[in-house]
Amino acid sequence: MNERMVDQSMHSEETDFELSLRPTRLRQYIGQNSIKSNLEVFIKAAKLRHEPLDHVLLFGPPGLGKTTLSNIIANEMEVNIRTVSGPSLERPGDLAAILSGLQPGDVLFIDEIHRLSSVVEEVLYPAMEDFFLDIIIGKGDEARSIRIDLPPFTLVGATTRAGSLTGPLRDRFGVHLRLEYYNESDLKEIIIRTAEVLGTGIDEESAIELAKRSRGTPRVANRLLKRVRDFQQVNEDEQIYIETTKHALGLLQVDQHGLDYIDHKMMNCIIKQYNGGPVGLDTIAVTIGEERITIEDVYEPFLIQKGFLERTPRGRKATPLAYEHFAKSNEERE
């Protein structure tokens, strides 16, 4: 799958860029106000008790700031953070090596925690509840259990698929925080802040236009801003103006709803070739040349959220709103 401008997952070259933009304190974090308010209380209470923060589960769509929040939690608690991904913890020994190296109060951040193997997850249970590990050494008759005491720590788990977590793991998190898509006002503020970090001026109309097309996701907003900045610099404009912004987004094929060429390809397939549906997912996949799982996990959720697509027992179906929007878009292109 080619990387898309509106893909909510991080592109391979974006790690350093994202790191440079991330706020380090709650007061700098824009949006997610309910989560910020709750975390302020939980962190202050934990510090007053001189205890580590309770284990935190962060869940929601990609690109909304779960990794950023994990680092902010560590900064606010004034402790170190160790970051790993669920798939990288293949054996209980991998987890034991990391946990035994933590200092009291430290934060362990496990991204994609829903992808932990069952054997690693079972070792994690006593570590979360009672701060010890039971490790089996040897095999057969010579196998024996060794108990390793751990310093109190905070586990922050992040997932885009909270429903894929097992009940026992989910229940061991004392704090559950769901990140929601950002509103346009917060995205506008994020875009203006990012422009300042990049040393680029931007007019308010451009910030609003970018916010509208960012799919409620800061990662997408920052990516679009970077590309529009390219056009501004080539044009030798003193700042990003609305004319340049609209021109750039048009060439990037990101429309006013944040839909790109793949979204248009998929919806036009349903509307034009299959009379609006219902049509089976496998049929759509073959017609547009994409994998079924990619359509289901990457393309569909936003189209459904925006009211353009319905899932029915008989297949996918275009909504009246889809007919209105895509017919108009096709006329403009013609």
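Backbone N, Cα and C define each Cβ position, glycine as well.
Going by Swiss-Prot, these are the annotated features:
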BINDING   Leu21, Arg22, Gly63, Lys66, Thr67, Thr68, Glu129, Asp130, Phe131, Arg172, Tyr182, Arg219  ATP binding site
BINDING   Thr67  Mg(2+) binding site
BINDING   Arg292, Arg311, Arg316  DNA binding site
REGION    1-182  region 'Large ATPase domain (RuvB-L)'
REGION    183-253  region 'Small ATPAse domain (RuvB-S)'
REGION    256-334  region 'Head domain (RuvB-H)'
Row Thr67 (ATP binding site), column other C-beta within 10 angstroms, all chains, value 19
The region 'Small ATPAse domain (RuvB-S)' (183-253) resolves under DSSP into 51 helix, 2 strand, 18 coil
Here the 10 Å Cβ neighbour count for Tyr182 (ATP binding site) comes out at 25
By Cα geometry, the one of the binding-site residues (Arg292, Arg311, Arg316) nearest Tyr182 (ATP binding site) is Arg311
Taking the centre of the Cβ atoms of Arg292, Arg311, Arg316 as the DNA site, the remaining residues of that chain with Cβ inside 8 Å are Gly280, Leu281, Ile284, Ile295, Glu296, Glu300, Gly315
Cβ neighbour count within 10 Å, max among the binding-site residues Arg292, Arg311, Arg316, goes to Arg316
Cα-Cα, Arg316 (DNA binding site) versus Glu129 (ATP binding site), nearest Å, comes out at 44
Most Cβ neighbours within 10 Å, among the binding-site residues Gly63, Glu129, goes to Gly63
Arg292 (DNA binding site) sits from Thr67 (ATP binding site) (Cα to Cα, rounded, in Å) at a distance of 28
Same-chain residues at least 6 apart in sequence with Cβ under 8 Å of the Cβ of Phe131 (ATP binding site), in sequence order, are Asp149, Leu150, Pro151, Pro152, Phe153
Binding-site residues Leu21, Gly63, Glu129 vs Arg292 (DNA binding site), shortest C-alpha separation belongs to Gly63
Whole-Å Cα distance, Glu129 (ATP binding site) to Arg311 (DNA binding site), is 40
Taking DSSP helix as H, G and I and strand as E and B, the region 'Head domain (RuvB-H)' (256-334) has 49 helix, 9 strand, 21 coil
Here the Cα-Cα span from Leu21 (ATP binding site) to Arg311 (DNA binding site), rounded to a whole number of angstrom, reaches 37
